[in-house]
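Here's the structure, in structure tokens; my notes come after.
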Amino acid sequence: MVKFHLLVLIAFTCYTCSDATLWNPYKKLMRGSASPRRPGESGEPLFLTPLLQDGKIEEARNKARVNHPMLSSVESYSGFMTVDAKHNSNLFFWYVPAKNNREQAPILVWLQGGPGASSLFGMFEENGPFHIHRNKSVKQREYSWHQNHHMIYIDNPVGTGFSFTDSDEGYSTNEEHVGENLMKFIQQFFVLFPNLLKHPFYISGESYGGKFVPAFGYAIHNSQSQPKINLQGLAIGDGYTDPLNQLNYGEYLYELGLIDLNGRKKFDEDTAAAIACAERKDMKCANRLIQGLFDGLDGQESYFKKVTGFSSYYNFIKGDEESKQDSVLMEFLSNPEVRKGIHVGELPFHDSDGHNKVAEMLSEDTLDTVAPWVSKLLSHYRVLFYNGQLDIICAYPMTVDFLMKMPFDGDSEYKRANREIYRVDGEIAGYKKRAGRLQEVLIRNAGHMVPRDQPKWAFDMITSFTHKNYL
């Protein structure tokens, strides 16, 4: 999800001599403001941590129940968990219990990318129970992942979406801190819903979530806290996980026919220079080079747009049609009755439009890798990497590039493994490969946001992974 105003990815940072201009990947997908339209009518935000600390668990659950006519057809809960009292840092969440087999269904956390993209994009645009039509009506999604999962959508890191902090020191500057905050959140979540503690626990996300998901998994794996979380696996879609091994854009775009040899030379030179900058820890230099290729510098047209004609790099078939899908989500979230119903009051919604503080604070993290964490996690848990065939910014070949270079239990098996056809109800949904605890999947006719482009196949894929171990 990159160039996605609610969804995903690299969020490279471009610096001028006087200020920081942040690449805003979701800008084209989420337009407008989610500020309350009628101040004073949105109720108060619900902070659950004080209630939990006082042992008022049932009261907290009752207060967290989402109460809005357009959302009442599906049981759900929302509110804030404080993860850093010193800086008043709070994570907003929206929990949707499983529709079927509630007593045994696995838990599935969803983390959007960005960084700075709200997971409410994933909830309303990709895999949640609700979809908002252009006429502002709310419809139920046919292939909602809550049908057989307890879904938890978290605005992560602090400062994303409705999540907030009162201090610059409350923002995350690295993935360790992201994981720590998510760990503090989930510990409180299980106090609020203790009946879920023994359920199989999975973490999923896309784009820059390719870092957040392993960060959360690694924090759980290393935690000595009791009771233990029943972590079973991780699922990463079009993930930005090992950046320096996922920058081979020149070859990829050339093979697609989107650039010629001159364009390939420019991409190869600039990505090589970015890698050199990153290796000497000059992230400002590295980010600026990638920014120039994909989003433009100092108000100038990006090189990608100059040579391809496209601004969006989510789907090379749809091109800029992808960016013209006008989302009404922002307007929906500005409705005072909605805000009151989901317990956010008049708190601002940080949507990555304009100054993206989350991305700014994580600018030194942009090109860092979490591959060593993935490698360690693969020794204990199942990990699914899936990609849309038509994605550019987190393309399938680049995911394979980093997986082929990553040492893990089963790496030699992965290099030898044959790919199989993945079918859903007789249709060719894509291709799959398995080695050790690693599952790799390519979904046909999908771009950066696989669940949105191919909802039926994505639903089958995630269900097979969480319920049958492998596809």
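Glycine residues also receive a Cβ, built from the backbone N, Cα and C atoms like all the rest.
Here is what Swiss-Prot says about this protein:
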- Ser207: active site (ACT_SITE)
- Asp391: active site (ACT_SITE)
- His448: active site (ACT_SITE)
- Asn135: N-linked glycosylation site (CARBOHYD)
- 1-19: signal peptide (SIGNAL)
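Overlay of Swiss-Prot feature records on the structure.
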residue	record	DSSP (3 states)
Asn135	N-linked glycosylation site	coil
Ser207	active site	coil
Asp391	active site	coil
His448	active site	coil
Query = With every protein chain in view, how many other Cβ atoms are within 10 Å of the Cβ of Asp391 (active site)?
reply = 29
Ask   = Cα of Asn135 (N-linked glycosylation site) to Cα of His448 (active site): how many Å, rounded?
value = 26
Task = Can you grab the distance from Ser207 (active site) over to Asp391 (active site)? Cα atoms, rounded to a whole Å.
result = 11
Message = Among all protein chains shown, how many Cβ atoms are found within 10 Å of the Cβ of His448 (active site), not counting that one?
response = 32
Remark   = By a 10 Å Cβ neighbour count, the lowest-scoring of the recorded positions Asn135, Ser207 is Asn135
